[in-house]
(Lines of atoms letter the chains of each structure in order from A and count residues from 1; the text may use other names and numbers.)
(Lines give C-alpha, C1' and ligand atoms only; values in the text may rest on other atoms or scores of the structure.)
Protein backbone atom coordinates (compact mmCIF):
# COMPACT_ATOMS: atom_id res chain seq x y z
CA UNK A 1 0.00 0.00 0.00
CA UNK A 2 1.39 3.40 -1.04
CA UNK A 3 1.92 6.05 1.64
CA UNK A 4 0.64 9.53 0.80
CA UNK A 5 1.57 12.92 2.25
CA UNK A 6 -0.74 15.93 1.74
CA UNK A 7 0.80 19.42 2.11
CA UNK A 8 -1.11 22.73 1.96
CA UNK A 9 -1.55 25.75 4.20
CA UNK A 10 -5.29 25.64 3.38
CA UNK A 11 -7.01 23.14 5.69
CA UNK A 12 -10.19 23.05 3.57
CA UNK A 13 -8.19 22.13 0.48
CA UNK A 14 -6.48 19.29 2.36
CA UNK A 15 -9.81 18.04 3.69
CA UNK A 16 -11.28 18.08 0.18
CA UNK A 17 -8.47 15.96 -1.24
CA UNK A 18 -8.50 13.58 1.71
CA UNK A 19 -12.26 12.95 1.55
CA UNK A 20 -12.89 13.02 -2.21
CA UNK A 21 -10.26 10.48 -3.28
CA UNK A 22 -11.00 6.76 -2.94
CA UNK A 23 -7.63 5.86 -1.46
CA UNK A 24 -8.51 2.19 -0.92
CA UNK A 25 -9.25 1.78 -4.64
CA UNK A 26 -5.76 3.13 -5.34
CA UNK A 27 -4.19 0.79 -2.78
CA UNK A 28 -2.96 3.87 -0.92
CA UNK A 29 -3.51 5.66 2.39
CA UNK A 30 -2.84 9.16 3.67
CA UNK A 31 -0.21 8.88 6.40
CA UNK A 32 0.71 12.56 6.80
CA UNK A 33 -1.20 15.85 6.54
CA UNK A 34 1.05 18.91 6.86
CA UNK A 35 0.29 22.61 6.68
CA UNK A 36 3.66 23.95 5.51
CA UNK A 37 6.78 22.81 3.66
CA UNK A 38 9.07 22.78 6.69
CA UNK A 39 6.84 20.44 8.72
CA UNK A 40 6.55 18.17 5.68
CA UNK A 41 10.34 17.89 5.43
CA UNK A 42 10.62 17.22 9.16
CA UNK A 43 8.08 14.41 8.85
CA UNK A 44 10.03 12.90 5.94
CA UNK A 45 13.06 12.60 8.22
CA UNK A 46 11.05 10.27 10.45
CA UNK A 47 9.17 8.29 7.81
CA UNK A 48 9.43 8.17 4.04
CA UNK A 49 6.37 8.34 1.81
CA UNK A 50 5.72 7.25 -1.76
CA UNK A 51 3.71 10.22 -3.03
CA UNK A 52 3.53 13.87 -1.95
CA UNK A 53 0.58 16.02 -3.06
CA UNK A 54 1.37 19.66 -2.36
CA UNK A 55 0.17 23.14 -3.16
CA UNK A 56 2.77 25.39 -4.78
CA UNK A 57 1.99 28.61 -2.92
CA UNK A 58 2.70 28.28 0.80
CA UNK A 59 4.27 30.73 3.27
CA UNK A 60 7.97 30.43 4.24
CA UNK A 61 8.76 27.46 1.97
CA UNK A 62 6.91 27.11 -1.33
CA UNK A 63 5.97 23.78 -2.90
CA UNK A 64 8.74 23.78 -5.51
CA UNK A 65 11.50 24.49 -2.96
CA UNK A 66 10.05 21.81 -0.70
CA UNK A 67 9.94 19.40 -3.67
CA UNK A 68 13.58 20.05 -4.52
CA UNK A 69 14.66 19.19 -0.97
CA UNK A 70 12.38 16.14 -0.77
CA UNK A 71 13.72 14.75 -4.06
CA UNK A 72 17.32 15.32 -2.94
CA UNK A 73 16.59 13.04 0.03
CA UNK A 74 14.57 10.46 -1.90
CA UNK A 75 14.93 10.59 -5.71
CA UNK A 76 12.14 8.02 -6.10
CA UNK A 77 9.40 10.00 -4.31
CA UNK A 78 6.59 11.07 -6.66
CA UNK A 79 5.37 14.64 -6.20
CA UNK A 80 2.12 16.08 -7.56
CA UNK A 81 1.94 19.89 -7.38
CA UNK A 82 -1.32 21.82 -7.34
CA UNK A 83 -1.07 25.11 -9.19
CA UNK A 84 -3.31 28.13 -9.64
CA UNK A 85 -3.88 29.12 -13.26
CA UNK A 86 -1.55 32.15 -13.08
CA UNK A 87 1.23 29.89 -11.73
CA UNK A 88 0.80 27.24 -14.42
CA UNK A 89 4.06 28.02 -16.30
CA UNK A 90 5.84 28.15 -12.96
CA UNK A 91 4.54 24.66 -12.16
CA UNK A 92 5.73 23.33 -15.51
CA UNK A 93 9.28 24.33 -14.58
CA UNK A 94 9.01 22.06 -11.55
CA UNK A 95 9.09 19.04 -13.87
CA UNK A 96 12.73 19.87 -14.56
CA UNK A 97 13.69 19.18 -10.95
CA UNK A 98 11.98 15.80 -10.93
CA UNK A 99 8.39 16.58 -9.93
CA UNK A 100 6.11 13.84 -11.29
CA UNK A 101 3.24 16.06 -12.50
CA UNK A 102 1.03 19.04 -11.71
CA UNK A 103 -2.68 19.92 -11.88
CA UNK A 104 -4.56 23.20 -11.97
CA UNK A 105 -7.01 24.66 -9.49
CA UNK A 106 -9.90 24.24 -9.02
CA UNK A 107 -9.13 20.59 -8.38
CA UNK A 108 -10.86 17.96 -10.51
CA UNK A 109 -10.79 15.04 -8.06
CA UNK A 110 -11.35 12.43 -10.76
CA UNK A 111 -8.41 13.85 -12.73
CA UNK A 112 -6.30 13.97 -9.55
CA UNK A 113 -7.15 10.32 -8.83
CA UNK A 114 -5.97 9.38 -12.34
CA UNK A 115 -2.69 11.20 -11.75
CA UNK A 116 -2.23 9.39 -8.41
CA UNK A 117 -3.01 6.10 -10.13
CA UNK A 118 -0.33 6.83 -12.73
CA UNK A 119 2.19 7.69 -10.02
CA UNK A 120 1.40 4.43 -8.20
CA UNK A 121 1.88 2.47 -11.42
CA UNK A 122 5.23 4.16 -12.00
CA UNK A 123 6.31 3.35 -8.44
CA UNK A 124 5.40 -0.31 -9.00
CA UNK A 125 7.45 -0.41 -12.21
CA UNK A 126 10.42 1.25 -10.55
CA UNK A 127 10.29 -1.16 -7.61
CA UNK A 128 10.12 -4.08 -10.02
CA UNK A 129 13.07 -2.72 -11.99
CA UNK A 130 15.00 -2.10 -8.78
CA UNK A 131 14.56 -5.74 -7.83
CA UNK A 132 15.72 -6.77 -11.30
CA UNK A 133 18.70 -4.45 -10.91
CA UNK A 134 19.64 -6.07 -7.62
CA UNK A 135 19.26 -9.54 -9.15
CA UNK A 136 21.52 -8.50 -12.02
CA UNK A 137 24.21 -7.22 -9.65
CA UNK A 138 26.51 -10.28 -10.12
CA UNK A 139 26.23 -9.88 -13.90
CA UNK A 140 27.00 -6.16 -13.59
CA UNK A 141 30.09 -6.91 -11.50
CA UNK A 142 31.30 -9.40 -14.11
CA UNK A 143 30.63 -6.83 -16.85
CA UNK A 144 32.69 -4.30 -14.87
CA UNK A 145 35.71 -6.60 -14.73
CA UNK A 146 35.33 -7.62 -18.39
CA UNK A 147 35.36 -3.95 -19.38
CA UNK A 148 38.30 -3.36 -17.06
CA UNK A 149 40.26 -5.93 -19.09
CA UNK A 150 39.36 -4.37 -22.41
CA UNK A 151 39.22 -0.61 -21.83
CA UNK A 152 42.51 1.25 -21.55
CA UNK A 153 43.74 3.97 -19.22
CA UNK A 154 41.64 7.13 -19.21
CA UNK A 155 38.92 5.40 -21.21
CA UNK A 156 38.54 2.78 -18.48
CA UNK A 157 38.43 5.42 -15.75
CA UNK A 158 35.86 7.46 -17.68
CA UNK A 159 33.50 4.55 -18.31
CA UNK A 160 33.89 2.54 -15.11
CA UNK A 161 34.48 4.86 -12.13
CA UNK A 162 30.79 5.53 -11.50
CA UNK A 163 29.94 1.82 -11.86
CA UNK A 164 32.65 0.90 -9.36
CA UNK A 165 31.09 3.28 -6.83
CA UNK A 166 27.56 2.01 -7.48
CA UNK A 167 28.66 -1.64 -7.11
CA UNK A 168 30.56 -0.84 -3.88
CA UNK A 169 33.77 -2.30 -5.28
CA UNK A 170 36.72 -1.36 -3.08
CA UNK A 171 39.73 -1.69 -5.38
CA UNK A 172 42.22 0.59 -3.65
CA UNK A 173 45.32 -1.61 -3.81
CA UNK A 174 49.00 -0.96 -4.38
CA UNK A 175 49.44 -3.56 -7.13
CA UNK A 176 47.27 -5.38 -9.66
CA UNK A 177 47.81 -8.41 -11.86
CA UNK A 178 45.93 -10.51 -14.38
CA UNK A 179 46.72 -14.21 -14.68
CA UNK A 180 45.14 -16.24 -17.50
CA UNK A 181 44.44 -19.99 -17.26
CA UNK A 182 44.13 -21.84 -20.57
CA UNK A 183 42.90 -25.42 -21.05
CA UNK A 184 45.00 -26.49 -24.02
CA UNK A 185 43.15 -29.74 -24.70
CA UNK A 186 39.65 -28.26 -24.30
CA UNK A 187 38.46 -29.54 -27.70
CA UNK A 188 39.55 -33.10 -26.90
CA UNK A 189 37.83 -33.01 -23.51
CA UNK A 190 34.58 -31.76 -25.06
CA UNK A 191 34.65 -34.45 -27.73
CA UNK A 192 35.34 -37.19 -25.19
CA UNK A 193 32.86 -36.25 -22.45
CA UNK A 194 30.43 -33.80 -24.05
CA UNK A 195 29.81 -30.14 -23.42
CA UNK A 196 27.91 -30.61 -20.13
CA UNK A 197 30.65 -32.66 -18.50
CA UNK A 198 33.29 -30.29 -19.84
CA UNK A 199 31.47 -27.28 -18.37
CA UNK A 200 31.22 -29.07 -15.02
CA UNK A 201 34.97 -29.66 -15.21
CA UNK A 202 35.52 -25.99 -15.97
CA UNK A 203 33.48 -25.02 -12.90
CA UNK A 204 35.58 -27.42 -10.83
CA UNK A 205 38.76 -25.70 -12.03
CA UNK A 206 37.08 -22.36 -11.36
CA UNK A 207 36.41 -23.36 -7.74
CA UNK A 208 39.98 -24.61 -7.31
CA UNK A 209 41.49 -21.36 -8.57
CA UNK A 210 39.10 -19.35 -6.41
CA UNK A 211 40.08 -21.33 -3.31
CA UNK A 212 43.80 -20.90 -3.96
CA UNK A 213 43.43 -17.17 -4.66
CA UNK A 214 41.77 -16.39 -1.32
CA UNK A 215 45.18 -15.50 0.11
CA UNK A 216 45.18 -12.30 -1.95
CA UNK A 217 43.58 -9.07 -0.77
CA UNK A 218 41.26 -9.05 -3.78
CA UNK A 219 40.49 -11.59 -6.49
CA UNK A 220 37.86 -11.89 -9.19
CA UNK A 221 37.66 -14.84 -11.57
CA UNK A 222 36.02 -14.73 -15.00
CA UNK A 223 35.06 -18.00 -16.69
CA UNK A 224 35.17 -18.19 -20.48
CA UNK A 225 34.77 -21.20 -22.80
CA UNK A 226 38.38 -22.38 -22.66
CA UNK A 227 39.95 -19.70 -20.47
CA UNK A 228 39.71 -18.43 -16.93
CA UNK A 229 40.97 -14.94 -16.16
CA UNK A 230 42.00 -14.05 -12.61
CA UNK A 231 42.17 -10.37 -11.66
CA UNK A 232 44.17 -9.79 -8.47
CA UNK A 233 44.68 -6.79 -6.21
CA UNK A 234 47.27 -6.78 -3.45
CA UNK A 235 48.91 -4.45 -0.96
CA UNK A 236 52.27 -6.24 -1.07
CA UNK A 237 55.54 -4.74 0.07
CA UNK A 238 56.84 -4.91 -3.50
CA UNK A 239 55.87 -5.99 -7.00
CA UNK A 240 58.39 -8.84 -6.86
CA UNK A 241 56.88 -10.21 -3.65
CA UNK A 242 53.44 -10.11 -5.28
CA UNK A 243 54.75 -11.99 -8.33
CA UNK A 244 56.48 -14.60 -6.18
CA UNK A 245 53.19 -15.34 -4.44
CA UNK A 246 51.38 -15.61 -7.78
CA UNK A 247 54.02 -18.03 -9.06
CA UNK A 248 53.66 -20.20 -5.96
CA UNK A 249 49.88 -20.38 -6.34
CA UNK A 250 50.24 -21.10 -10.06
CA UNK A 251 52.65 -23.95 -9.34
CA UNK A 252 50.27 -25.42 -6.73
CA UNK A 253 47.37 -25.34 -9.20
CA UNK A 254 49.45 -26.97 -11.95
CA UNK A 255 50.53 -29.68 -9.50
CA UNK A 256 46.91 -30.38 -8.56
CA UNK A 257 45.98 -31.13 -12.18
CA UNK A 258 49.27 -32.72 -13.25
CA UNK A 259 47.90 -36.28 -13.58
CA UNK A 260 44.27 -35.42 -14.31
CA UNK A 261 44.38 -35.48 -18.10
CA UNK A 262 43.81 -31.72 -18.17
CA UNK A 263 46.52 -29.75 -19.97
CA UNK A 264 46.46 -26.50 -18.03
CA UNK A 265 48.71 -23.57 -18.96
CA UNK A 266 49.06 -20.33 -17.01
CA UNK A 267 50.10 -16.92 -18.32
CA UNK A 268 51.16 -14.38 -15.68
CA UNK A 269 50.90 -10.74 -16.76
CA UNK A 270 52.81 -7.67 -15.66
CA UNK A 271 52.22 -6.18 -12.25
CA UNK A 272 50.72 -2.71 -12.64
CA UNK A 273 50.25 -0.02 -10.02
CA UNK A 274 47.11 1.60 -11.46
CA UNK A 275 43.72 -0.11 -11.58
CA UNK A 276 42.99 1.52 -14.95
CA UNK A 277 46.10 -0.14 -16.44
CA UNK A 278 44.86 -3.66 -15.71
CA UNK A 279 44.34 -4.14 -19.46
CA UNK A 280 48.15 -3.93 -19.85
CA UNK A 281 48.58 -6.85 -17.46
CA UNK A 282 45.83 -8.75 -19.28
CA UNK A 283 47.38 -8.29 -22.72
CA UNK A 284 50.82 -9.28 -21.45
CA UNK A 285 49.38 -12.42 -19.78
CA UNK A 286 47.82 -13.49 -23.09
CA UNK A 287 51.08 -12.73 -24.87
CA UNK A 288 53.02 -14.80 -22.35
CA UNK A 289 50.78 -17.80 -23.07
CA UNK A 290 51.79 -17.65 -26.73
CA UNK A 291 55.26 -18.82 -25.71
CA UNK A 292 53.83 -22.27 -25.02
CA UNK A 293 54.59 -22.91 -28.72
CA UNK A 294 58.32 -22.45 -28.09
CA UNK A 295 58.49 -24.15 -24.69
CA UNK A 296 56.14 -27.18 -24.75
CA UNK A 297 57.73 -28.57 -21.60
CA UNK A 298 56.53 -25.61 -19.50
CA UNK A 299 53.09 -24.80 -18.09
CA UNK A 300 53.67 -21.45 -16.39
CA UNK A 301 54.69 -18.45 -18.48
CA UNK A 302 55.72 -15.10 -17.04
CA UNK A 303 55.50 -12.03 -19.27
CA UNK A 304 58.97 -11.01 -18.06
CA UNK A 305 60.37 -14.11 -19.74
CA UNK A 306 58.35 -13.50 -22.88
CA UNK A 307 59.51 -9.91 -23.31
CA UNK A 308 63.00 -10.30 -21.92
CA UNK A 309 64.27 -8.61 -18.77
CA UNK A 310 61.56 -6.59 -17.12
CA UNK A 311 63.26 -3.35 -16.15
CA UNK A 312 60.15 -1.46 -15.16
CA UNK A 313 56.86 -2.11 -13.49
CA UNK A 314 54.90 -1.37 -16.69
CA UNK A 315 57.33 -2.06 -19.55
CA UNK A 316 55.07 -1.23 -22.47
CA UNK A 317 51.91 0.69 -23.21
CA UNK A 318 49.73 0.30 -26.27
CA UNK A 319 48.20 3.69 -25.48
CA UNK A 320 51.52 5.54 -25.99
CA UNK A 321 52.14 3.83 -29.33
CA UNK A 322 48.59 4.61 -30.43
CA UNK A 323 49.18 8.25 -29.49
CA UNK A 324 52.19 8.47 -31.84
CA UNK A 325 50.18 6.90 -34.67
CA UNK A 326 47.38 9.39 -34.02
CA UNK A 327 49.85 12.29 -34.29
CA UNK A 328 51.23 10.87 -37.55
CA UNK A 329 47.69 10.61 -38.94
CA UNK A 330 47.05 14.23 -37.95
CA UNK A 331 50.38 15.37 -39.49
CA UNK A 332 51.09 17.18 -36.23
CA UNK A 333 54.87 17.51 -36.64
CA UNK A 334 55.56 19.63 -33.51
CA UNK A 335 53.59 17.20 -31.32
CA UNK A 336 55.43 14.27 -32.95
CA UNK A 337 58.79 15.83 -32.08
CA UNK A 338 57.63 16.37 -28.49
CA UNK A 339 56.39 12.75 -28.28
CA UNK A 340 59.77 11.42 -29.53
CA UNK A 341 61.61 13.67 -27.07
CA UNK A 342 59.54 12.35 -24.14
CA UNK A 343 59.83 8.77 -25.45
CA UNK A 344 63.62 9.04 -25.65
CA UNK A 345 63.88 10.57 -22.18
CA UNK A 346 61.73 7.76 -20.75
CA UNK A 347 63.84 5.05 -22.41
CA UNK A 348 67.13 6.58 -21.34
CA UNK A 349 65.84 6.84 -17.79
CA UNK A 350 64.69 3.19 -17.72
CA UNK A 351 67.42 1.47 -19.70
CA UNK A 352 71.12 2.05 -19.21
CA UNK A 353 72.11 -0.27 -22.10
CA UNK A 354 71.95 0.64 -25.81
CA UNK A 355 70.61 -2.80 -26.74
CA UNK A 356 67.44 -2.33 -24.69
CA UNK A 357 66.83 1.10 -26.22
CA UNK A 358 67.22 -0.34 -29.72
CA UNK A 359 64.92 -3.30 -29.00
CA UNK A 360 62.19 -1.11 -27.51
CA UNK A 361 62.37 1.28 -30.47
CA UNK A 362 62.30 -1.66 -32.88
CA UNK A 363 59.03 -2.81 -31.29
CA UNK A 364 57.62 0.67 -31.79
CA UNK A 365 58.65 0.68 -35.46
CA UNK A 366 57.07 -2.75 -35.90
CA UNK A 367 53.78 -1.34 -34.62
CA UNK A 368 54.08 1.60 -37.01
CA UNK A 369 54.79 -0.68 -40.01
CA UNK A 370 51.86 -2.91 -39.06
CA UNK A 371 49.59 0.12 -39.07
CA UNK A 372 50.81 1.11 -42.54
CA UNK A 373 50.40 -2.48 -43.80
CA UNK A 374 46.77 -2.49 -42.63
CA UNK A 375 46.17 0.63 -44.73
CA UNK A 376 47.81 -1.07 -47.74
CA UNK A 377 50.53 1.59 -47.90
CA UNK A 378 53.76 0.73 -49.73
CA UNK A 379 56.54 0.59 -47.11
CA UNK A 380 59.45 -0.95 -49.01
CA UNK A 381 61.72 2.13 -48.82
CA UNK A 382 60.75 2.64 -45.17
CA UNK A 383 61.65 -0.96 -44.36
CA UNK A 384 64.98 -0.61 -46.17
CA UNK A 385 65.89 2.45 -44.11
CA UNK A 386 65.07 0.58 -40.89
CA UNK A 387 66.99 -2.54 -41.94
CA UNK A 388 69.99 -0.46 -43.00
CA UNK A 389 70.04 1.39 -39.69
CA UNK A 390 69.66 -1.75 -37.58
CA UNK A 391 72.41 -3.51 -39.52
CA UNK A 392 74.84 -0.87 -38.27
CA UNK A 393 73.33 0.23 -34.97
CA UNK A 394 76.62 1.07 -33.37
CA UNK A 395 77.26 3.74 -35.97
CA UNK A 396 75.01 5.94 -33.82
CA UNK A 397 77.52 7.60 -31.52
CA UNK A 398 74.98 9.51 -29.43
CA UNK A 399 71.35 9.03 -28.48
CA UNK A 400 70.58 12.37 -30.17
CA UNK A 401 71.67 10.87 -33.50
CA UNK A 402 69.51 7.78 -32.97
CA UNK A 403 66.35 9.66 -32.02
CA UNK A 404 66.89 12.16 -34.82
CA UNK A 405 66.85 9.17 -37.18
CA UNK A 406 63.63 7.93 -35.52
CA UNK A 407 62.09 11.36 -36.14
CA UNK A 408 62.98 11.11 -39.84
CA UNK A 409 61.27 7.70 -40.03
CA UNK A 410 58.10 9.11 -38.45
CA UNK A 411 58.12 12.09 -40.83
CA UNK A 412 58.48 9.75 -43.81
CA UNK A 413 55.56 7.64 -42.52
CA UNK A 414 53.53 10.82 -42.19
CA UNK A 415 54.23 11.77 -45.81
CA UNK A 416 53.31 8.29 -47.05
CA UNK A 417 50.08 8.33 -45.09
CA UNK A 418 49.17 11.73 -46.48
CA UNK A 419 49.68 10.53 -50.08
CA UNK A 420 47.75 7.29 -49.68
CA UNK A 421 44.95 8.53 -47.43
CA UNK A 422 42.85 9.89 -50.29
CA UNK A 423 43.33 6.64 -52.20
CA UNK A 424 42.24 4.69 -49.14
CA UNK A 425 39.20 6.93 -48.67
CA UNK A 426 38.21 6.49 -52.31
CA UNK A 427 38.62 2.71 -52.06
CA UNK A 428 36.55 2.62 -48.88
CA UNK A 429 33.76 4.67 -50.45
CA UNK A 430 33.86 2.41 -53.50
CA UNK A 431 33.48 -0.66 -51.28
CA UNK A 432 30.54 0.98 -49.52
CA UNK A 433 28.82 1.77 -52.82
CA UNK A 434 29.33 -1.82 -53.95
CA UNK A 435 27.91 -3.14 -50.68
CA UNK A 436 24.84 -0.90 -50.97
CA UNK A 437 24.20 -1.99 -54.57
CA UNK A 438 24.50 -5.61 -53.51
CA UNK A 439 22.32 -5.34 -50.40
CA UNK A 440 19.78 -2.57 -51.09
CA UNK A 441 17.01 -5.21 -51.28
CA UNK A 442 17.41 -5.82 -47.53
CA UNK A 443 14.88 -3.51 -45.83
CA UNK A 444 16.98 -3.56 -42.63
CA UNK A 445 20.13 -2.25 -44.35
CA UNK A 446 21.55 0.57 -42.22
CA UNK A 447 24.71 2.53 -41.46
CA UNK A 448 25.79 0.13 -38.70
CA UNK A 449 25.64 -2.87 -41.08
CA UNK A 450 27.73 -1.05 -43.67
CA UNK A 451 30.25 0.17 -41.06
CA UNK A 452 30.61 -3.38 -39.78
CA UNK A 453 31.32 -4.54 -43.33
CA UNK A 454 33.86 -1.73 -43.86
CA UNK A 455 35.44 -2.42 -40.44
CA UNK A 456 35.20 1.21 -39.30
CA UNK A 457 32.99 3.03 -36.80
CA UNK A 458 29.57 4.25 -37.99
CA UNK A 459 30.33 7.88 -37.10
CA UNK A 460 33.65 7.83 -38.97
CA UNK A 461 32.15 6.16 -42.05
CA UNK A 462 29.21 8.56 -42.16
CA UNK A 463 31.45 11.65 -42.03
CA UNK A 464 34.02 10.25 -44.49
CA UNK A 465 31.43 9.16 -47.06
CA UNK A 466 29.60 12.50 -46.91
CA UNK A 467 32.86 14.41 -47.33
CA UNK A 468 34.12 12.32 -50.27
CA UNK A 469 30.85 11.66 -52.10
CA UNK A 470 28.98 14.86 -51.14
CA UNK A 471 25.93 12.77 -50.28
CA UNK A 472 24.96 10.86 -47.13
CA UNK A 473 24.87 7.07 -46.90
CA UNK A 474 21.13 7.08 -46.17
CA UNK A 475 20.47 9.19 -49.28
CA UNK A 476 22.67 6.84 -51.31
CA UNK A 477 20.67 3.83 -50.13
CA UNK A 478 17.45 5.63 -51.03
CA UNK A 479 18.65 6.70 -54.49
CA UNK A 480 19.90 3.16 -55.23
CA UNK A 481 16.51 1.74 -54.29
CA UNK A 482 14.63 4.36 -56.31
CA UNK A 483 16.76 3.75 -59.42
CA UNK A 484 16.15 0.01 -59.10
CA UNK A 485 12.43 0.70 -58.71
CA UNK A 486 12.48 2.79 -61.89
CA UNK A 487 13.94 -0.13 -63.81
CA UNK A 488 11.22 -2.45 -62.53
CA UNK A 489 8.50 0.09 -63.35
CA UNK A 490 9.82 0.59 -66.86
CA UNK A 491 10.65 -3.00 -67.74
CA UNK A 492 8.33 -5.30 -65.77
CA UNK A 493 4.69 -5.90 -64.93
CA UNK A 494 5.37 -6.51 -61.24
CA UNK A 495 2.88 -5.00 -58.81
CA UNK A 496 3.89 -2.03 -56.67
CA UNK A 497 3.94 -4.29 -53.60
CA UNK A 498 6.34 -6.71 -55.33
CA UNK A 499 8.56 -3.88 -56.50
CA UNK A 500 8.65 -2.33 -53.03
CA UNK A 501 9.77 -5.67 -51.54
CA UNK A 502 12.46 -6.18 -54.20
CA UNK A 503 13.78 -2.67 -53.60
CA UNK A 504 14.14 -3.02 -49.83
CA UNK A 505 11.03 -1.25 -48.56
CA UNK A 506 9.15 -2.64 -45.60
CA UNK A 507 5.78 -1.75 -47.10
CA UNK A 508 4.22 -0.36 -50.26
CA UNK A 509 3.06 2.87 -48.60
CA UNK A 510 6.58 3.84 -47.51
CA UNK A 511 7.88 2.96 -50.99
CA UNK A 512 5.32 5.18 -52.70
CA UNK A 513 6.03 8.08 -50.34
CA UNK A 514 9.80 7.76 -50.82
CA UNK A 515 9.45 7.43 -54.61
CA UNK A 516 7.26 10.51 -54.92
CA UNK A 517 9.61 12.52 -52.72
CA UNK A 518 12.52 11.56 -54.98
CA UNK A 519 10.90 11.72 -58.44
CA UNK A 520 8.08 14.16 -57.87
CA UNK A 521 5.42 11.73 -59.06
CA UNK A 522 3.91 8.50 -57.78
CA UNK A 523 5.21 5.08 -58.96
CA UNK A 524 1.97 4.45 -60.86
CA UNK A 525 2.23 7.77 -62.66
CA UNK A 526 5.88 7.09 -63.45
CA UNK A 527 4.98 3.70 -64.97
CA UNK A 528 2.26 5.29 -67.10
CA UNK A 529 4.64 8.02 -68.18
CA UNK A 530 7.34 5.49 -69.09
CA UNK A 531 4.82 3.44 -71.08
CA UNK A 532 3.75 6.55 -72.97
CA UNK A 533 7.35 7.42 -73.81
CA UNK A 534 8.09 3.90 -75.09
CA UNK A 535 5.05 3.93 -77.34
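Glycine is no exception: its Cβ is also placed from the backbone N, Cα and C atoms.
Taken straight from TrEMBL:
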- 3-120: domain 'Response regulatory' (DOMAIN)
- 430-529: domain 'HTH araC/xylS-type' (DOMAIN)
- 55: 4-aspartylphosphate (MOD_RES)
Secondary structure content, the domain 'HTH araC/xylS-type' (430-529) (per DSSP, counts of residues): 75 helix, 0 strand, 25 coil
Secondary structure of the residue listed as '4-aspartylphosphate' (DSSP, helix/strand/coil): strand
For the domain 'Response regulatory' (3-120), residues assigned helix / strand / coil by DSSP: 59 helix, 27 strand, 32 coil
The domain 'HTH araC/xylS-type' (430-529) [mean pLDDT, rounded to integer]: 92
